[in-house]
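Q: Sharing a structure here in structure tokens format.
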Amino acid sequence: MGLQARFLGLLALVIAGKCTHSPEPDQRWMLPPGWVSLGRVDPEEELSLTFALKQQNLDRLSELVQAVSDPSSPRYGKYLTLEDVAELVQPSPLTLRTVQKWLLAAGARDCHSVTTQDFLTCWLSVRQAELLLPGAEFHRYVGGPAKTHIIRSPHPYQLPQALAPHVDLVAGLHRFPPLSSPRQRPEPQGVGPVGLHLGVTPSVLRQRYNLTARDVGSGTTNNSQACAQFLEQYFHNSDLTEFMRLFGSSFAHQASVARVVGKQGRGRAGIEASLDVEYLMSAGANISTWVYSSPGRHEAQEPFLQWLLLLSNESSLPHVHTVSYGDDEDSLSSVYIQRVNTEFMKAAARGLTLLFASGDTGAGCWSVSGRHKFRPSFPASSPYVTTVGGTSFKNPFLVTNEVVDYISGGGFSNVFPQPSYQEEAVAQFLKSSSHLPPSSYFNASGRAYPDVAALSDGYWVVSNMVPIPWVSGTSASTPVFGGILSLINEHRLLNGRPPLGFLNPRLYQQHGAGLFDVTHGCHESCLNEEVEGQGFCSGPGWDPVTGWGTPNFPALLKTLLNP
């Protein structure tokens, strides 16, 4: 104990000096609505922090992602194993030694790494953590629909300058879990003709996207799919059973999820969690499904980052992952965004398809130095994920053509440059659109999203054994598109092909083949005189509202089955 105290005293002298740096200088602190501070945390209370160690060979990783994802490449579909990725990106021996010695001197204990060795999660007392990270001051907060308790620091932290070449950031200090939930809209007014429907169900989706009763998993492959849920969002298997009883009688399906990764709470089911599971398992019917449920349950952990760590630590994973998480780009530090983007790159190299909801605030809006601008969302803006926008039926009571759902998120990143795979499509949109917002509102050279879309308006969901109508949001369209990609993977696996992997390079090369082009409607944005609440508008081909369009399953299967 005396030796540890001397170590801490020496450490405090070193890091209290001027030789420190701020890893995340642009990380803004703001207490989100619905969260309340409960005051300082007891100095002897223990917390868990995750240290992101500097990775190697990221340029080479990017090259390999391009090679395995481009159908014109001889390496197409020859994905890396987790061990291959680890060998490529793992930190240098010097970084590993330096960080481990630093943490040991601080009294950190029970440290756990991942297979790729680029993240280290350790337990420390609050007192030790505040000495280790000058400036940090840990408080407990409560908020969210489940009154979740989390520990965060309202002040920026510093690291010793000597650690700058070795540590990208420390997670678990600033970012609050985003509150993402689908909207429940009022029932549309009016009465449709014979043949009407009263909301989106699996049978409506299967009719619109041309899925037959035969379009289900065979049960003979190792095909699998997953959704991830955060912030105490739980599903109940009894809800899934009731949902399939009501809406799944016309197609073969699985009665329960194959695996839950993380803690599945006993509280009330969340509408978003129920929506994710029910529509992933009805669109990707009869395919083994995993649920990542609120991973990282300790108060100081970031659930989204903990999900990424799970992906970095499992050698065998589902082929398709759908996620409804999102944050405003400007609310996150550039270091954090880039580090998370690298995790998406690692997943793409391994042949995983990651689909993210584009968000439910249209183009978004915020004010910078008194000037309004659109507000892009992340991870929707990552160049290594496939982002799913939202549509509505032109006639809400009929299975008709689709138009833009005005809440569908979309736009241009202020962080990521435009990837080469989409330059031609974006240039064509900017050249041909007759309803472009003023150029000062968006970064025309940034990564543009979404890439695709699906219906996002008027879903039926069963939650806590109650059928709930008119649930809406890209939280609905994302699992639907993910399930359809899982069906295509099923055919590829049966034909001896690899799974689709990172879809975007192929998607843009095929110029929307296999998709219904959505050409009518605009999404919402800033409510000012200059744009009057209108963001971007859809048009022929790709657009930043619905991407290339919505799935026409037989045509999309034909397009993506080979090679």
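Quick reminder: no glycine exception, Cβ is built from N, Cα and C everywhere.
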Q: Considering the candidates Cys522, Cys526, which is the cysteine that Swiss-Prot reports in a disulfide bond with Cys537?
A: Cys522
Q: According to Swiss-Prot, Cys365 takes part in a disulfide bond; indicate which of Cys227, Cys526 is its partner.
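A: Record-based pairing for Cys365: Cys526.
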Q: Of the residues Cys19, Cys122, which one does Swiss-Prot pair with Cys111 through a disulfide?
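A: Swiss-Prot lists the disulfide between Cys111 and Cys122.
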Q: With a 10 Å radius around each C-beta, find which of these disulfide-bonded residues (Cys122, Cys365, Cys526) has the fewest other C-beta atoms nearby.
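A: Fewest other Cβ atoms within 10 Å, among the disulfide-bonded residues Cys122, Cys365, Cys526, is found for Cys365.
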Q: Find the one among the recorded positions Asn222, Glu272, Asn286, Asn313, Asn443 whose C-alpha lies closest to that of Gly541 (Ca(2+) binding site).
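A: Closest by Cα: Asn443.
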Q: Just to be sure I understand the packing, how many Cβ atoms besides its own are within 10 Å of the Cβ of Asp517 (Ca(2+) binding site)?
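A: Asp517 (Ca(2+) binding site): 18 neighbouring Cβ atoms within 10 Å.
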Q: Tell me the Cβ neighbour count for Val518 (Ca(2+) binding site), meaning other Cβ atoms within 10 Å of its Cβ, over all protein chains shown.
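A: By my count, 28.
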Q: Using a 10 Å cut-off between Cα atoms, which of these recorded positions sit near Cys537 (disulfide bond): Glu272, Asp276, Asp517?
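A: Qualifying among Glu272, Asp276, Asp517: none.
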Q: Where among the glycosylation sites Asn222, Asn313 do you find the Cβ with the fewest other Cβ atoms within 10 Å?
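A: Output over glycosylation sites Asn222, Asn313: least Cβ neighbours within 10 Å is Asn222.
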